[in-house]
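What TrEMBL records for this protein:
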DOMAIN    45-435  domain 'Cation/H+ exchanger transmembrane'
DOMAIN    510-657  domain 'Cation/H(+) antiporter central'
DOMAIN    664-831  domain 'Cation/H(+) antiporter C-terminal'
TRANSMEM  32-55  transmembrane segment
TRANSMEM  67-87  transmembrane segment
TRANSMEM  99-116  transmembrane segment
TRANSMEM  128-150  transmembrane segment
TRANSMEM  162-186  transmembrane segment
TRANSMEM  198-220  transmembrane segment
TRANSMEM  232-251  transmembrane segment
TRANSMEM  272-299  transmembrane segment
TRANSMEM  351-378  transmembrane segment
TRANSMEM  417-439  transmembrane segment
Amino acid sequence: MSPAAASVSASDMAAVKTSSNGVWQGDDPLHFAFPLLILQALLILVLSRLLAFLLRPLRQPKVIAEMVAGILLGPSALGRNGAYLHALFPPWSAPVLESVASLGLLFFLFLVGLELDLRSVRRSGRRAFAIAAAGISLPFACGVGVAFALRQAIPGADQAGYAPFLVFMGVSLSITAFPVLARILAELKLLTTPIGETALAAAAFNDVAAWVLLALAVAISGSGGSGHGPITSLWVLLCSAAFVAAMMVGVKPAMTWVARRADAAGEGGGGEALWVSATLAGVLASGFATDLIGIHAIFGAFVFGLTVPNEGAFAGRVTARIEDLVSELLLPLYFASSGLKTDVATIRGGAAWGMLALVIATACVGKIAGTFGVALACGMEAREAIVLGVVMNTKGLVELIVLNIGRERKVLNEETFAILVLMALVTTFITTPTVMAIYKPARAAGRRRLHRRKLQGPIPSAPSSPSASAAGAGAATANELRVLACIHGGQDVPALINLIETIRGHTQPRRLVKLYILRMMELTERTSSILMVRAARRNGLPFFRPRRAGEAPQDQVDVAFGTYAQLGHVSVRAMTAVSALHSIHDDVAAVAEDKRVSLVVLPFRKRHHGHGGGGEGEGEELGPEWRAVNRRVLREAPCSVAVLVDRGFGGGEQVSSEEVAHGVCVVFFGGPDDREALELAGRMAEHPGVQVTVVRFVDGKAGSEEQSEVTLRPAKTKNADRSYTFSTAVVDTRKEKELDEAAVAEFRQRMGTLVRFEERVVVGNVIEEVVSIGKSGEYGLVVVGKGRLPSPMVAQLAVRPAEHPELGPIGDALASSGHGVTASVLVVQQHDMTNADEVPVSVVVDGHAHDGGEFAKDMAEP
């Protein structure tokens with residue numbers, strides 16, 4: 001904002017009224033504090049979210065968008081129009097906006113202190129300590145050197161005292177923004193590598209050192225020219241030290257007791273609200289105390305955050321209560337207000353722009369060179385050492401806090417403030433692109449591809465022969481089923497457990513089931529997300545969540561799977577993956593590879609309201625972002641994949657093995673995916689509470705003169721996200737038919753009377769026949785193959801409008817909203833690399849194209 005904004009008198013503020021009586025009574029809402037604040041917040045949020053969306057492909061943190069939004073709204077861009085600036089951001093409104101934004105900053109710093117694990121700082125090895133020390137000391141010294149040049153080159157910069165100016169400059173160049181750093185490392189999959197562990201440990205130490213240095217800078221800055229001498233600064237420092245000691249000795253044990261009481265009350269318990277309220281009051285009281293001492297109120301909130309134990313559930317619940325309001329509303333106001341106070345026009349002349357370039361270069365060289373040199377001396381490779389230096393150069397949130405405090409204390413004038421804000425923007429902006437350019441860790445392309453697995457094995461020529469039986473009896477591990485089930489939250493748990501119980505078949509020792517649960521969480525800039533990510537660094541990502549002996553389960557997911565493991569005698573291992581949505585499929589594929597699972601189960605919610613699918617209308621389902629994750633898993637998984645479209649499978653509640661009682665229908669058209677579904681049905685049929693029916697559809701026109709020749713060909717004009725895709729592999733249709741016949745014959749001989757088998761001859765609409773099964777109410781689950789190598793009947797469906805193309809034509813018909821299907825659906829895809837490449841297609845019947853394209857392959861004749 002303009003310099004005039006800083007000179008708002010007390011009488012001006014006293015004349016400002018809070019709310020208006022409305023335009024019908026002659027009041028202009030822009031002349032009143034509250035409606036103007038609403039409009040300002042709306043402008044800031046809309047513009048910052050738009051910029052965040054535009055910068056998302058560059059993987060920039062939100063703080064960049066929020067800062068740029070403030071700069072665009074302020075005197076640097078739109079604010080050059082005096083009428084606009086006076087109407088929407090008049091000088092008298094600045095204290096109101098900044099007071100509301102500072103309240104958000106207060107609670108944000110509490111969350112920063114909450115997420116900072118002091119024990120990890122103490123456990124940091126000598127290498128991390130040495131790297132952090134070098135990453136602070138060298139840029140601090142460089143900042144002090146640049147400060148002398150700035151005082152000579154920038155008019156008015158020498159008005160502040162030497163000591164506070166030098167310290168503020170040193171701190172602003174030596175800081176590392178821990179939250180931004182953690183998110184960048186996690187998104188680039190570097191968090192659990194040695195370089196990521198070192199960077200996190202060094203950044204945690206850097207965080208503590210930076211706050212100590214900033215407290216020193218604030219203390220010695222006094223009251224901005226009030227004339228107080230060094231004795232006052234000494235008293236401020238001593239009182240600050242006493243405050244920290246009192247918090248660590250007295251308040252920390254009290255907060256540990258509060259956390260235990262809150263955990264005992266449980267989530268949603270009557271006592272929990274009391275303890276959360278007490279914690280929030282503690283944040284405010286601590287902020288007031290440090291402001292009373294003479295250092296900024298945010299220090300009190302930060303230190304109070306350090307006193308709250310972060311290993312239990314209480315910290316997570318407190319974080320969940322306040323982080324959305326803080327991070328999505330109040331904090332953007334703070335950083336945008338920094339941009340509003342940044343006037344790029346104050347950087348005048350070649351000398352000033354040269355100083356900007358010097359500050360940016362010094363900040364980068366000091367941090368990178370200091371970190372790089374010590375990292376090399378500690379035995380790190382040169383490429384990893386330079387990457388470590390680049391990520392440690394991340395500025396962001398804490399940097400802007402430092403600059404705003406320096407400006408409030410009149411240590412930094414308008415031009416110096418603008419130079420340092422632009423430095424923070426540039427150094428943070430270049431971090432992610434630079435790391436991605438020079439360091440590309442092995443991802444999916446470099447992953448070991450040793451255990452590509454599927455359920456269906458070779459079809460024996462004599463399945464009932466003694467040799468085959470002996471071979472099966474002698475290979476216990478061959479009967480072990482390893483399943484990786486992916487979930488988003490507690491709503492996925494009942495249907496998933498009921499599905500696993502159905503799949504497991506008999507509970508004989510030879511038919512062991514190992515169940516791996518992977519909770520998928522989107523990596524965001526929320527504090528809870530960063531807390532989850534930081535917990536991963538010692539166990540790998542995705543990481544196990546072990547519980548200590550006697551520790552209670554953390555949430556309903558842990559309780560449900562713990563109960564199932566005990567009662568069902570199933571080995572269950574729970575993991576969590578916290579990643580950006582565009583890369584979380586890498587984590588799923590990595591776990592499937594490492595654990596050598598045969599089947600990955602993905603959620604695709606399609607719930608009716610009410611239990612058991614008996615209600616009217618559809619409920620919630622996965623959003624497009626998570627459906628895109630499912631598509632990438634289907635494409636990249638090193639094993640077979642099943643997508644569960646849940647409509648309350650098993651009644652919507654978890655039941656015991658003895659209470660399982662539902663019908664399962666397997667729809668069989670032919671092809672590898674349908675044969676995999678048939679193999680899965682064989683396991684289900686062994687469960688005493690499951691009645692399996694296999695319905696094989698046979699083309700009624702086959703061999704008759706009415707049969708049409710069906711050909712699929714690639715369609716370049718179609719969108720793969722809106723059209724069905726089929727395999728581009730060359731198909732021997734005759735061999736596929738032989739494999740289908742052999743699989744069906746072997747299955748019927750092996751299962752005998754355990755399975756009801758039915759053949760349906762279809763002459764009319766295939767979709768109506770399939771949908772009638774799902775609508776009948778006879779079956780709780782319908783199992784279908786995805787159909788990447790479709791039979792002629794399924795191939796003709798390729799031109800249908802696709803609502804859920806990743807499920808294939810048959811699965812989509814059963815999952816679509818308008819067909820009235822009440823059964824849950826399991827869409828199975830067999831792992832087969834020769835069929836992995838899929839493209840949208842057009843259908844040709846009798847040589848006439850329905851949708852254009854060039855001839856590619858014939859799916860109907862051998």
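Quick reminder: no glycine exception, Cβ is built from N, Cα and C everywhere.
Owing to the predicted nature of the structure, the values given are computational and were not obtained by experimental measurement.
Counting Cβ pairs under 8 Å that are 6 or more residues apart, the transmembrane segment (67-87) and the transmembrane segment (99-116) reach fewer than 3 and are not in contact. Between the transmembrane segment (417-439) and the transmembrane segment (162-186), the number of CB pairs under 8 angstroms, six or more residues apart, is three or more, so the stretches are in contact. Beyond its flanks by at least six residues, the transmembrane segment (351-378) meets 127, 130-131, 133-135, 137-139, 141-143, 145-146, 149-150, 153-154, 173-174, 176, 198, 202, 384-386, 388-390, 392-393, 395, 415, 419-420, 422-423, 426-427 of its own chain at Cβ-Cβ distances under 8 Å.
Against the transmembrane segment (99-116), stretch 272-299 has more CB pairs under 8 A than any other of 128-150, 232-251, 272-299.
Distant neighbours of the transmembrane segment (232-251): 215-216, 219-220, 222, 282, 286, 289-290, 293-295, 299-300, 303-304, 306-307; these residues of the same chain sit at least 6 beyond its ends, with a Cβ under 8 Å from one of its Cβ atoms. For the domain 'Cation/H(+) antiporter C-terminal' (664-831), the model's pLDDT averages out at 83.
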